[in-house]
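Report on one structure; see the data block that follows.
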Amino acid sequence: MMNRVVLVGRLTKDPDLRYTPAGAAVATFTLAVNRTFTNQQGEREADFIQCVVWRKPAENAANFLKKGSMAGVDGRIQTRNYEDSDGKRVFVTEVVAESVQFLEPRNHAEGATSNNYQNEANYSNNNKTSSYRADTSQKSDSFANEGKPIDINPDDLPF
């Protein structure tokens with residue numbers, strides 16, 4: 001059996017950060033996720049999904065996400081219930097996030113009403129490689145050796 005959820009959407013309000021009596025951080029937020037189809041009026045509708053994240057990722061979400069921020073959530077669906085102050089049984093379905101990705105630059109959420117954005121950061125916990133634009137001038141590369149072969153003794157290599 002599998003219980004896996006991957007969502008991309010925008011926060012409807014700033015994350016709510018709290019701490020348990022044991023000191024564990026927990027943040028809750030609602031993610032507005034557009035549906036892939038349009039309604040009869042040709043408009044896209046959204047689902048508003050409650051998300052919970054724990055410990056250090058909760059603190060990061062509270063510090064770096066705010067209303068309108070685009071975020072990716074990877075986690076699982078959880079259902080729970082409790083008795084409210086009136087004695088009624090309340091059922092809750094939420095996503096417990098195992099990871100939260102910040103999908104736009106920190107200062108970009110102010111203009112979040114526009115869906116036209118350039119994703120400048122690509123984060124993945126499973127990808128150990130990163131790419132960046134390097135200065136390709138020969139002056140900055142001390143190992144360029146002006147195109148000549150490098151004489152290295154195989155005994156000097158650590159592998």
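We count from 1, first residue shown onward.
Just so you know, glycine gets a Cβ as well, placed from its N, Cα and C.
Feature annotation from Swiss-Prot assigns compositional bias 'Low complexity' to 114-127. As annotated by Swiss-Prot, compositional bias 'Polar residues' applies to 128-143. The feature domain 'SSB' is assigned by Swiss-Prot to 2-104, with sequence analysis given as support. Annotation source Swiss-Prot lists region 'Disordered' at 106-159.
Across the residues of the domain 'SSB' (2-104), the predicted structure has a mean pLDDT of 94.
When the domain 'SSB' (2-104) is classified with DSSP, helix, strand and coil residues number 10 helix, 64 strand, 29 coil.
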